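According to Swiss-Prot, the protein carries these features:
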DOMAIN    103-225  domain 'MPN'
MOTIF     174-187  motif 'JAMM motif'
BINDING   His174, His176, Asp187  Zn(2+) binding site
Amino acid sequence: MYQIEFKEEAFLPRERLVEVGAERLSNQELLAIFIRTGTKKEPVSILSNKLLNRLESLAALRELSIEELQSLTGIGRVKAIEIKAMIELGKRINQSELLLNERILGSEKLGRKMIHEIGHKKQEHLVALYLNTQNQIISQKTIFIGSVNRSIAEPREILHYAVKCMATSIIIVHNHPSGSVQPSRNDLLFTENLKESCEKLGLVLLDHLIVGNKDYYSFREESDVILKFIDNIVEEVFFNLTFTVE
């Protein structure tokens, strides 16, 4: 008797998807379709609910590791891998839709896009977007992921792909895992260095964005502040050199 009830419950979300469409299903029902089956003690609906209740928000699902998923009763290694694959595929579909013939019209639109993509990352990620003469994104590359041994990307890595895809301009985006989007001294110096390197190759650095989990900072929008800061750095370096000579 139990097995018959179990099978009926497991297939119910699938039947509802066919009847009313995927967009009408709850998060629990969609997740239950991927988990597929429950255990002898708990049906799949309970398992999917337990997983969702463990999260602060649905977006936090993408942060769970395979091991963390496996720690839930009823989710083995295969199911955990399938869930991770489902999340990654969804992210790539969303990214490809945004990327397809997308034209960069402003820092805010791009900032919101990149908050969604890398704002939640626990390691620093630096992403380069390469654009054509119509300001359409023709390629997006993750150039750098922070590690214990390395925390700075090199301009040559960014420019290599620019030449390869024949881009005319570049936008750089990186996240601050701390959540603060204020640029550091290294961020400012890196931006100026990259800008000069781009100019030598006839490329335009359109913007450098810093994103957190809720907000973004645009170097282009804050250009006056950046220029003043760089001028102060140059003056400070000049003063130190003069002082050393004396």
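Glycine is no exception: its Cβ is also placed from the backbone N, Cα and C atoms.
Neighbour density at the Cβ, taken as the number of other Cβ atoms within 10 Å, is lowest among the binding-site residues His174, His176 for His176. Helix, strand and coil counts under DSSP for the motif 'JAMM motif' (174-187) come to 3 helix, 2 strand, 9 coil. Within the model, the motif 'JAMM motif' (174-187) shows a mean pLDDT value of 92, rounded to a whole number.
Listed in sequence order, the residues Glu124, Leu126, Asn175, Val181, Pro183, Ser184, Ile210 complete the 8 Å Cβ shell around the Zn(2+) site centroid, once His174, His176, Asp187 themselves are left out.
Around Asp187 (Zn(2+) binding site), taking its Cβ as the centre, 17 other Cβ atoms fall within 10 Å, counting all chains. Helix, strand and coil counts under DSSP for the domain 'MPN' (103-225) come to 41 helix, 36 strand, 46 coil.
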